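The feature substrate binding site is assigned by Swiss-Prot to 21-30, ASN112, 139-140, ARG216, ASP254, ASN364, with sequence analysis given as support. Residues annotated as active site in Swiss-Prot: GLU176, HIS252. Under the heading active site, nucleophile, Swiss-Prot lists CYS370.
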Amino acid sequence: MVKHAVEANFDGLVGPTHNYAGLSWGNVASKSNVNAVANPREAALQGLAKMKRLADRGYVQGILPPHERPHIPTLRALGFEGNERQILEAVAKADPTILAAVSSASCMWTANAATVSPSADTADHRVHFTPANLSAKFHRSIEHQVTGRSLKAIFGDESYFAHHPALPSVSHFGDEGAANHTRLCSRYGEPGVELFVYGQVAFNESAPAPGKYPARQTLEASRAIARLHGLTDRHAVFAQQNPAAIDAGVFHNDVIAVGNGNCLFYHEQAFLDEARVLADIQERLTGAELEAVRVSSTQVPIEDAVASYLFNSQLLNTADGMLLAVPGECREVASVSRYLDELVKADTPITAVEVFDVKQSMRNGGGPACLRLRVVLNDDELHAINRGVILTDALYERLTSWVEAHYRDQLSQQDLADPMLLEEVRKALDELTGILGLGSIYDFQL
C-alpha cells in the first residue's frame, strides 16, 4: 500500500553575516557583485517572506538555521592564535579573503546542504540524508559538520531517518548536494527516479569536462551517494551536465533544470546526452509518463537563463497543475518574461507562474530553488520530525522580530573583522536554537 506523502521545503534562514565577497568562481552573479554593501536584515526578511507565501498556500515549509560565522575554529585550524579579537585582527591583516570565506552566509542555499532520498526509494525504507562536502569551494567546505548536526536535530528518529557523514573532502568525490539531484515520480509516496547530475568523471581524464569553469560534482560522488542511500538501478539515473553549460555559468544543474512529480523543466543545453537521459528516466518511471518541458535556445538563450535564473525556480504541485515560483529577475529579461507568458498558455503541467523577490540572495547567485532543500515525507515521518522548525504564523512573527532585533541593515567586507559582529551572531544563534528547539548544534554551544 502506497503511503500518502508530501514534499516539504526546508529553506535556509539567511545568516547575520550575509555579504558580497565574490567567493564563487563560476558563479557569474557572485563575482559581478563583489564588494557591494549587503543588507543582511533585508536578505533574511526576503527569505522569510518567500517561506510565508508558500506556507500560506498550504505547502509544508520548514527552516534550516544559519551557521556560526565568522568561524573561529577554522581560523584556529589555519594557525591564527590568541583570543577571538586577536584572531580576527590577525586574519584581517594577513589575508582578508580568508576572513571573508569563514564569514560567508552561503549555508542559506540549502539546496547544497545535502542529498535526500525518500523512504519509498531506499532499501531500508528510511529517509536518507548525506550532507554535501562542497569540497570545490573552501568557504562552503566548512559547512557539512554543522549541517549534519542540524539535520539530526530535526530528523532525529532513527526508525525513520538515516544520516550519513559527508563524502571524503577531495575533488574526486566533490559533492554539491541536492542542487545536482532531483526526483521524478508519479506521486510523492510512490517509488521514484532520482536523477543525479554530474559535471565530470574524476578518474577518467579523457571524459568530457568543462574548460573555463570547474565542474563541482563528480560521477564518483553521485554513485557513492546512491550506494549509501541504498538505491537500486531502478531508482537512479546518472546524467552528465553539458560542459558548455558549466562554462556559460551553470555551476549547478538547478541553474538549468528543475523537476517535480513527473515533470522535468529544462533547457536544451542542460544535458550532454539529452535523449539518453530522458529515455533512462522514462524507462524507470512507473505509473506516469515523463512530461519533458524543453526550453530551446531560440526561446531563451542560455545567457538569459543564467542572468534570470529561470530554472532556479521552485516547481510545486497545485490543485490543477504545477506552479513555477520564479525570481523577480525573470521579469527583467525580455526573452524569459516572454517565455513565461507563453508557458502558462501551453499544454504542459506548468499552469501558473508567481514572482518572488529574493534579490539579496540573487546578487550572490542564489534563486528560490537554491534557498530550499526538498524532503519527501510520508505522514508518519512528518509526525516524527522536530515540529519546532515548521513555519506557522506564530513562528513567522517570532522570527521576523528576531531578525529585526539582531541583524544589521548594512554589512561590508571591512565589517567582518569587527569583534562585535561575532558577539552579535552568537547571541542571535543562541536565541534561535531555543526558538526552533534544536538544542546545541553550534561549536560555541558545545
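Every residue gets a Cβ built from N, Cα and C, even glycine.
Overlay of Swiss-Prot feature records on the structure.
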residue: ALA21; record: substrate binding site; Cβ neighbours (10 Å): 25
residue: LEU23; record: substrate binding site; Cβ neighbours (10 Å): 21
residue: ASN112; record: substrate binding site; Cβ neighbours (10 Å): 30
residue: ARG140; record: substrate binding site; Cβ neighbours (10 Å): 23
residue: GLU176; record: active site; Cβ neighbours (10 Å): 30
residue: HIS252; record: active site; Cβ neighbours (10 Å): 29
residue: ASP254; record: substrate binding site; Cβ neighbours (10 Å): 28
residue: CYS370; record: active site, nucleophile; Cβ neighbours (10 Å): 27
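In sequence order, the recorded positions near HIS252 (active site) (Cα within 10 Å of its Cα) are GLU176, drawn from LEU23, ARG140, GLU176.
Cα of ARG140 (substrate binding site) to Cα of CYS370 (active site, nucleophile): a span of 14 Å. DSSP assigns ALA21 (substrate binding site) to coil in the three-state reduction, outside any helix or strand.
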